[in-house]
Structure formats: structure tokens, C-alpha cells
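Participant: I'd like to ask you about the structure that follows.
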Amino acid sequence: MNATTTRQRLVVIGNGMAGINTVEQILKLDPQRYEITVFGSEPYPNYNRIQLSYVLEKSKSIDEIILNSWEWYRENGIDLRTGTTVTRIDTDSRTVHTEDGTVVPYDKVIVATGSKPLMLPIPGADKEGIVGFRDIADCETMLHAAKLYRKAAVIGGGLLGLEAAKGLLKLGMDVTVVHLVEELMERQLDRTASLMLQAELESQGLKFATGRQTAEFLGGQRVTGLRFSDGTTLEAEFVVMAAGIRPNTEVGRASGLTVNRGIVVDDYMRSSAPDVYAVGECGEHRGVCYGLVAPLFEQGAVLAKHLCGVETKPYEGSVVSTQLKISGVDVFSAGEFMDAPDLNVVRMHDEWHRIYKKVLLRGGRIVGGVLVGDGKQAARLQQWIRTGTVMTEEIHAAIMGTAAAEAGNSAADLPDEEIVCGCNGVTKKHIVDAIRDNGLTTVDEIKACTGASRSCGGCRPVVEQILQFTLGDKYDSAAAKKEGICGCTKLTRDEVVAGIQEKGLLTSKEVMHVLGWDNPEGCSKCRPALNYYLGMIWPAEHQDEKDSRFVNERMHANIQKDGTFGVVPRMYGGVTTPEDLRLIADVAVKYNVKLVKVTGGQRLDLLGVSKEDLPKIWEDLGMPSGYAYAKALRTVKTCVGSQFCRFGTKDSMGMGILLEKKFERLDMPAKFKLAVNGCPRNCAESSTKDIGIVGNEGAWEIYVGGNGGIKSRLADLLCKVKTDEELVEIVAAFMQHYRETGKYLERTSDWIERVGLASVTAAVVEDTENRKALAARMETALSQVKEPWKEVLDNPVLRQRLYSEIQVPVGTK
Ligand SMILES: Cc1cc2nc3c(=O)[nH]c(=O)nc-3n(C[C@H](O)[C@H](O)[C@H](O)COP(=O)(O)OP(=O)(O)OC[C@H]3O[C@@H](n4cnc5c(N)ncnc54)[C@H](O)[C@@H]3O)c2cc1C
Ligand SMILES: NC(=O)c1ccc[n+]([C@@H]2O[C@H](COP(=O)([O-])OP(=O)(O)OC[C@H]3O[C@@H](n4cnc5c(N)ncnc54)[C@H](O)[C@@H]3O)[C@@H](O)[C@H]2O)c1
Ligand code: SF4
Ligand code: FES
């Protein structure tokens with residue numbers, strides 16, 4: 001018998017932070033022990049839910065918060081079923097059942113279904129415009145709402161509500177936090193700390209309605225405001241409910257497990273049914289349901305050892321600490337925080353510096369603390385609380401900011417066994433050893449190697465301090481801040497591209513090997529980037545590494561949230577014919593397409609197509625791919641122009657079709673959109689496109705760097721040209737210059753801001769020799785492009801591998 005057949009079947013229900021952290025630990029302890037299947041309701045791989053607050057305020061993208069890439073699941077042999085909700089476990093037949101009828105047998109099963117936002121049952125709560133804040137979909141709804149509406153209310157002045165409110169404020173909304181009691185974060189802060197926090201947030205622009213109970217949501221179909229129990233009202237076009245969470249126990253209840261508030265587990269995370277475990281926010285341990293990752297990861301560590309037959313101490317509960325993730329606001333709280341008769345309190349309140357520190361002692365031992373305005377000692381305070389350390393003069397001086405605290409690098413005095421990263425349980429010694437043993441020089445390398453700073457990021461300053469004192473004179477602050485293209489390397493985009501060119505590297509594997517990647521397999525960030533850079537540098541020699549591409553690009557269709565796909569055939573310049581329309585309609589009927597949608601780019605999107613039907617539809621359509629999924633030219637939007645419009649001075653449709661036919665299929669650093677207009681009335685909206693062309697007084701104006709997406713930007717005028725030939729040459733040169741100097745995933749709007757319009761004008765317009773050279777290199781690149789749908793239809797092996805019934809892990813892009 002081989003190893004595979006002897007493996008036990010482990011099913012994990014919930015593809016979130018606690019479940020996958022447990023799987024990671026199991027793989028470290030005994031990678032061959034289990035054949036693992038993971039079910040997740042969301043259509044994403046495991047991501048850092050904590051950092052949704054950063055996605056909302058746009059300081060991070062969704063790609064940047066992915067913790068485990070699709071490749072990670074594949075490489076570890078995990079059968080990942082995203083977009084699939086489990087309904088129950090049959091503990092008699094030892095099977096897991098899903099909403100879509102799938103039944104999977106198990107030897108062990110872990111329930112890790114997390115929590116749901118508490119949606120308060122207030123009259124009118126079902127109106128449009130009222131959301132929770134828990135997942136990427138909520139985050140996207142909020143980002144979208146911020147574009148359409150101005151007045152927002154956030155119900156709940158806890159950690160989540162405040163982070164949501166600050167995010168919406170940063171998006172330009174007028175935000176009021178509605179809070180039940182007078183003190184914000186009353187579960188973590190005393191009145192003094194809470195009032196300081198409120199004052200700081202007010203100075204940043206947030207408004208507060210404290211001591212208010214919402215009695216009703218006003219409005220018709222959509223919310224327009226709130227009415228409080230005291231009869232006063234607040235105008236609000238958008239409402240976020242952040243009034244707490246409830247453990248998601250649906251699967252537990254449907255499976256007959258013992259459930260109180262959460263699924264009841266013992267000290268080894270065992271539920272009431274044999275071989276059924278629960279970990280994370282859905283579980284209730286010794287009467288406590290946790291809502292922060294550090295305790296969940298501690299639970300995961302015990303469970304992983306238990307499941308791998310490794311001796312482990314039982315999980316006996318956690319002391320929790322919290323840190324608000326709002327820039328400019330330093331607020332930390334751990335353990336007990338309210339004065340009580342049996343506690344001694346050490347307190348310091350400096351109103352001038354706006355610093356408040358409080359340490360609570362029971363019988364001389366530290367049992368809790370609050371820090372506002374100065375969180376430098378947060379990691380040490382947390383450790384002293386966790387270990388119940390007795391207060392000493394040194395500790396007192398360190399926390400209260402006398403000599404010892406001011407002694408520069410406080411990380412130097414941390415004991416070796418002190419946990420620096422609470423979220424991931426990483427000690428100072430672990431970090432120091434990793435720096436010394438692996439020659440690490442940046443925090444990102446430490447993150448990749450040890451996990452420290454991977455979750456909330458609150459420990460990052462301490463990790464940096466440890467790096468600084470460990471390296472001593474060798475510490476280079478500039479290098480430490482230099483951002484590698486991902487955690488696998490400290491090389492920047494330009495260094496990687498130069499390395500590929502100078503050393504003649506042809507494959508991603510070669511790049512990682514020769515340029516000394518820390519992680520020899522790469523990650524979901526660097527692999528697609530390398531595939532792009534290699535293709536851009538060696539258009540003829542490079543063999544496309546399909547597996548490095550995001551799923552939409554691998555599948556040549558856009559994956560939807562229910563796991564089906566959207567098919568967008570090419571419709572050059574947004575122009576079609578009755579015959580093509582008839583064909584598309586016939587195909588839509590034949591394959592029972594769920595919806596036909598006219599896209600913003602003037603094409604037709606057939607939505608709700610199964611993976612297996614994709615090649616059949618392409619075959620029946622006989623049209624080229626519209627590339628609606630790719631980091632490539634998407635659409636050329638055109639107005640009617642001089643062919644029909646009485647204002648038209650230029651043939652925008654003709655030029656749009658010509659440009660789309662010329663530049664389609666070419667890989668770009670990011671998606672790329674064009675528009676061509678016949679006159680300055682600009683019906684096809686040139687100002688928000690990567691290249692926008694406007695016919696004006698017999699000439700063409702070329703605008704560049706526009707963006708109508710999340711981060712909108714109006715395009716800049718690059719130049720004005722007289723002839724069609726000049727226009728095509730400048731468009732080619734601009735696109736090639738961007739291809740050669742843009743970072744992977746960097747839209748032209750960000751690229752222009754980074755490199756400056758003047759440098760682009762110089763390279764593409766003023767230096768005619770350079771322009772011609774760029775246009776020539778573009779021709780070479782264009783000579784290599786292939787029609788991808790046809791490629792699949794002509795290649796039975798590829799067709800079978802990607803589009804057969806057998807599940808392939810899917811991605812989001
Ligand atoms: C915006 C935000 C900011 C936060 N900030 C912090 C912070 O700074 N520090 C901190 O410690 N914590 C923070 N948290 C809390 C932290 O994210 C959670 O404690 C943690 O994610 C819980 O992990 P979990 O695996 O138990 O649940 P989750 O991460 O929610 O994962 C559960 C997964 O299971 C899936 N699922 C549920 N039911 C089923 C089913 N029947 N079938 C299949 N799949 C199912 C869900 O879709 C979900 O993807 C924050 C949370 C949010 C929302
Ligand atoms: N930085 C962090 O650590 C962080 C950030 C975000 C979320 N989280 C976690 O996510 C989870 C959810 O966060 P949360 O802030 O929603 O939960 P929470 O329970 O900590 O806070 C909810 C707040 O809403 C208030 N509230 C309750 N009912 C209300 C009502 N009717 N009107 C107005 N206010 C009302 C409560 O008084 C409380 O302060 C928690 O587990 C939290 O720890 C942590
Ligand atoms: S942009 Fe000018 S030419 Fe084009 S459709 Fe509008 S008005 Fe007509
Ligand atoms: S303490 Fe949260 S990532 Fe380190």
C-alpha cells in the first residue's frame with residue numbers, strides 16, 4: 001500500500017484564519033498524515049480578515065491580504081472547495097454534506113466556521129444600504145457605497161465600528177459613529193482612555209452620537225436615516241452595523257453537536273461528537289467565545305498536535321489583548337482594565353502629551369493594562385500580564401516612561417522567551433535566531449520566515465527594533481525599508497528585471513534560484529509577476545507559465561462568486577452585427593446562461609456558465625476572447641463618431657476597431673483600457689481610461705493615465721497629433737514604455753504618478769528615436785500573441801486538464 005491510501009481523511013469546514021492556521025500547523029508536524037479537504041463559503045483562498053480594515057481604507061489591496069495562495073493549497077495536496085457551504089455533518093455515517101449535494105466522508109472533521117456580524121433586529125433593518133463588516137464582499141459593498149453616497153452611520157463604537165468608520169472617512173464620507181453607551185470601546189477602555197480616544201478621532205474628522213439607542217431605520221426601500229429612542233434622528237444614506245458578532249454555529253446545531261453560545265469544546269478542541277472538533281470563533285471553550293486571532297491560533301496549535309498524535313499541553317484559555325488599527329491613534333488594552341476594590345492601580349496621565357498609561361495589580365502581580373498615546377511597551381506589558389509578573393521598580397520605570405523606557409531600543413531588554421507577536425506566538429529568540437541563521441535584513445523577510453507581523457501588524461515596530469539591535473552596525477535602515485516585490489525576495493521590481501536581462505534568465509525557477517529567492521517556490525505575488533516580466537523581456541523565447549497566472553487568466557473567463565464563469569466574446573470597438581447578436585443569443589439559450597449583461601466596456605457578458613461548458617460555448621460562438629479577465633488590453637470603447645454623429649470630427653469607431661485589433665491579447669502589467677471619441681463631447685469617456693483619444697479640430701488628442709476604478713484619476717494630456725499613423729505609433733510606444741517600466745499590477749494611473757508625466761512625454765513623444773524603438777519592440781511582442789480560446793480548442797490535453805469535471809483550485813482574479 002502506498003502512503004496515499006493509508007492517509008486519514010481530514011475535512012475542514014471553514015476556509016478562514018483559524019481553520020487554515022490549524023492546517024498549516026498539521027502540515028508542519030506531519031505532512032503525510034492526512035488527505036485534506038477544505039470547504040469555504042467564500043470564493044477566495046484564506047485571507048487575512050484582520051486586514052480588511054486596511055483594504056477598506058485602501059492602504060492594501062485584496063491580493064496583498066491573501067495568506068495562502070491557490071498554489072499553496074495545490075502544492076500541499078489540499079482539495080479546496082471554495083464557494084461551497086457545508087450544511088451538516090452526519091456523525092453516524094461519518095460524512096460531511098454540502099448545500100450543493102456533495103457528500104464527503106471523513107475520519108476527522110474540524111468545524112471552523114467563524115462568526116457572523118450581529119445584525120440588530122431593529123425595525124427597518126432589512127432596508128437596502130445596511131450592511132455588516134465581516135468579509136471581502138462586505139468590504140467591496142462599502143467601497144462601492146462610498147462612491148455613491150456621502151452620509152454614513154456606523155452602529156457600534158467597538159474596535160470594528162471605529163476601524164470601519166475611519167475607513168469610510170478616508171473614502172470621503174461624512175461618518176457618525178452611533179454608540180449605545182457614553183464610552184467608546186467600553187469593553188477594553190476605562191472612561192479616561194475612552195474620552196481621549198474620542199477626542200483624537202474627532203480631531204481626525206469622525207462624528208459621534210454616544211449614549212444613543214437606534215429605534216428605527218428610516219426611508220423607503222433604501223435607508224435614509226436613523227431614529228433614536230429619544231426621538232432624535234440622524235441622516236444616513238449608508239449604515240454599517242458593527243455591534244458585535246455571534247459565533248456561526250449553524251453546522252454545529254444541524255449536526256447535533258452541543259452548542260451554547262458557541263460549539264462547546266474541551267481543552268483539546270473536541271466537540272460532543274467523536275472525531276469532530278471545533279476551532280476559532282465558532283467554538284466555546286470553558287464558557288468563552290473569542291473574537292481575536294491570537295487565542296484562535298493557540299487553540300489551533302493544540303488541536304494540530306492532538307490530531308498529529310504529538311504530546312501537547314491542554315488549551316486552558318487565553319488572556320486577550322487588543323490594539324486599535326487606526327493610524328495616528330495608539331490604543332492598547334489587555335487583561336483587566338477597570339478599577340476595582342481588590343486592585344492596585346499604577347496610573348500616569350500626561351494631558352499635554354496626550355498619553356495615558358494604567359497598570360492594574362492584584363496582590364502585586366500585573367493583571368491588566370491600558371496604554372493610550374504611547375504603545376511602545378505594549379508587547380512587554382502583554383507578556384507581563386500573561387505571565388502574572390510581579391511589579392518591580394524596573395517594570396514600573398519602563399512602562400511609566402522614566403529612564404529605562406527612554407533608553408532607545410527597548411527590544412534589546414526583552415527576555416528571549418518573550419512573545420513579540422501575540423497573533424502568531426513568535427518569541428524574541430525565534431526572531432533573533434531567524435535573523436542570524438538566515439541572514440535576514442528586513443521585516444518582510446522576518447515575516448516570511450517566522451510569521452511575526454503577519455496578522456494585525458501591531459508588533460511590526462518591535463520586530464524592526466529586534467532587527468536593528470541584532471544586526472547592530474550592519475543594520476541599514478534604507479535597505480530595511482526597501483520593499484521587495486514580495487516576501488520571498490528583497491529585490492525590487494527594477495532589480496529583478498535587470499537580473500533577468502543581465503543574466504539571461506528564462507524561467508521563474510531560474511530567476512528564483514539565480515537571484516536567491518528566500519522561498520524557492522515563490523508565492524502568489526511573485527509568480528505571476530515573474531511570468532509577466534519574463535514574457536515582456538523575452539517575447540519570443542519565454543514559454544508562458546500558465547500555472548503562475550491568476551485563475552481567470554488560466555481559465556480565460558471570469559470566475560463569479562458562485563463558482564460559475566462569465567464569457568465575454570471580443571466585440572471590436574463595441575460594434576457588432578445582427579448575425580453575431582443572433583449567434584450569441586442562440587448560445588445563451590442553448591447553454592442556459594443565467595444572465596446576459598451589457599458591460600461598461602460595450603460588450604456582452606454571458607454569466608453563469610459552468611467550467612465544463614466554457615470550451616463548448618467558445619466553439620459554438622467561433623469568436624475571439626474579449627480578454628475581460630486579463631492583465632491585457634480589455635476594451636476600446638468608442639463613440640459613434642463621424643460615421644454617424646453630426647458633431648463627429650473624427651472616425652472614432654474606425655480608429656477604435658483598428659487599435660483593438662492591433663493591440664489585443666498582449667500581456668500588460670495590469671488591465672488596460674482605451675477609449676476613442678469623435679469630438680470633445682467625449683461620449684466614450686476618455687478621461688478615465690489608460691489611453692483616451694479625442695478627435696479635436698481635425699487632430700487627435702491623446703490622454704493617458706486615467707482611471708475610473710477604486711482609485712479614480714483623470715487622464716493627463718500627453719500630446720496632440722495630426723495623422724492616424726502618428727497616433728498609432730505613439731499609442732504603441734506608450735504601451736510598450738509602460739510594459740517595460742511598470743510594476744506588475746500597477747495601473748497606468750499609479751505608474752504615471754510614480755514616474756512623472758514629463759518622463760513619459762520625453763520617452764514617448766519628444767525622443768522620436770526612442771519612440772520608434774519602443775514601437776518596434778511592441779511589434780516583436782505582438783508577433784507572438786495567440787488567440788487563447790482557439791488554443792484551448794486545438795489542444796485536447798489542455799482542454800481536459802483545465803475544463804474537465806475534475807475540480808481544479810480556483811482563484812479570484
Ligand atoms: C474588519 C475586521 C478586523 C479585525 N481585526 C482584528 C484584529 O486587529 N486583531 C484580531 O485579533 N482580530 C481581528 N478581527 C477578528 C479576526 O478576523 C477573527 O477573530 C478571525 O478571522 C476568526 O477566525 P475564524 O477562522 O474563527 O473565522 P473566519 O476567519 O471568519 O473564517 C470562517 C470561514 O468559514 C466560512 N464558513 C462559515 N460557515 C461555513 C460553512 N457552513 N461551510 C463552509 N464555509 C463556511 C466563512 O465563510 C469564513 O470564510 C477582525 C475582524 C474583522 C471582520
Ligand atoms: N483591532 C482589533 O483587534 C479588531 C478590529 C476589528 C474587529 N475586531 C474583532 O471583531 C469582532 C467584532 O467587533 P465589534 O467591534 O463589532 O464587537 P464588540 O462586541 O467588541 O463591540 C461592539 C460594540 O457595539 C456596541 N453596541 C452594541 N449594541 C449597540 C447598539 N444597539 N447601538 C450602538 N452600539 C451598540 C457595544 O456597546 C460595543 O462597544 C470582535 O471580536 C473584535 O474583537 C478586532
Ligand atoms: S463624442 Fe462627439 S462625435 Fe462622439 S458621439 Fe459624442 S458627440 Fe458624437
Ligand atoms: S501581534 Fe498581530 S501580527 Fe504580530
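We count from 1, first residue shown onward.
Every residue gets a Cβ built from N, Cα and C, even glycine.
From TrEMBL, here are the annotated features:
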type	residues	note
BINDING	Cys639, Cys645, Cys679, Cys683	[4Fe-4S] cluster binding site
BINDING	Cys683	siroheme binding site
DOMAIN	9-283	domain 'FAD/NAD(P)-binding'
DOMAIN	321-388	domain 'NADH-rubredoxin oxidoreductase C-terminal'
DOMAIN	419-468	domain 'BFD-like [2Fe-2S]-binding'
DOMAIN	485-534	domain 'BFD-like [2Fe-2S]-binding'
DOMAIN	560-621	domain 'Nitrite/Sulfite reductase ferredoxin-like'
DOMAIN	630-770	domain 'Nitrite/sulphite reductase 4Fe-4S'
Participant: Starting from the [4Fe-4S] cluster site formed by Cys639, Cys645, Cys679, Cys683, give every other residue of that chain whose CB sits within 8 Å of the mean position of their CB atoms, in sequence order.
Facilitator: Val640, Gly641, Phe647, Gly648, Ser652, Asn677, Gly678, Arg681, Asn682, Ala684
Participant: Least buried of the binding-site residues Cys639, Cys645, Cys679, going by other Cβ atoms within 10 Å?
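Facilitator: So among Cys639, Cys645, Cys679, the binding-site residues given, the one with the fewest Cβ atoms within 10 Å is Cys645.
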Participant: Under 8 Å, at least 3 Cβ pairs, sequence separation 6 or more: does that hold for the domain 'Nitrite/Sulfite reductase ferredoxin-like' (560-621) versus the domain 'NADH-rubredoxin oxidoreductase C-terminal' (321-388)?
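Facilitator: These two segments do not touch.
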Participant: Summarise the domain 'NADH-rubredoxin oxidoreductase C-terminal' (321-388) by DSSP state, stating how many residues are helix, strand and coil.
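Facilitator: The composition, in the requested order, is 10 helix, 33 strand, 25 coil.
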Participant: For the domain 'BFD-like [2Fe-2S]-binding' (419-468), what does DSSP give as the number of helix, strand and coil residues?
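Facilitator: For that range the per-state counts are 28 helix, 5 strand, 17 coil.
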Participant: Where among 9-283, 321-388, 630-770 do we find the most Cβ pairs under 8 Å to the domain 'BFD-like [2Fe-2S]-binding' (419-468)?
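Facilitator: So the stretch in question is 321-388.
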Participant: With an 8 Å cut-off on Cβ-Cβ distance and a minimum sequence separation of at least 6, pull the same-chain contacts of Cys683 ([4Fe-4S] cluster binding site), or say none.
Facilitator: Cys639, Val640, Asn677
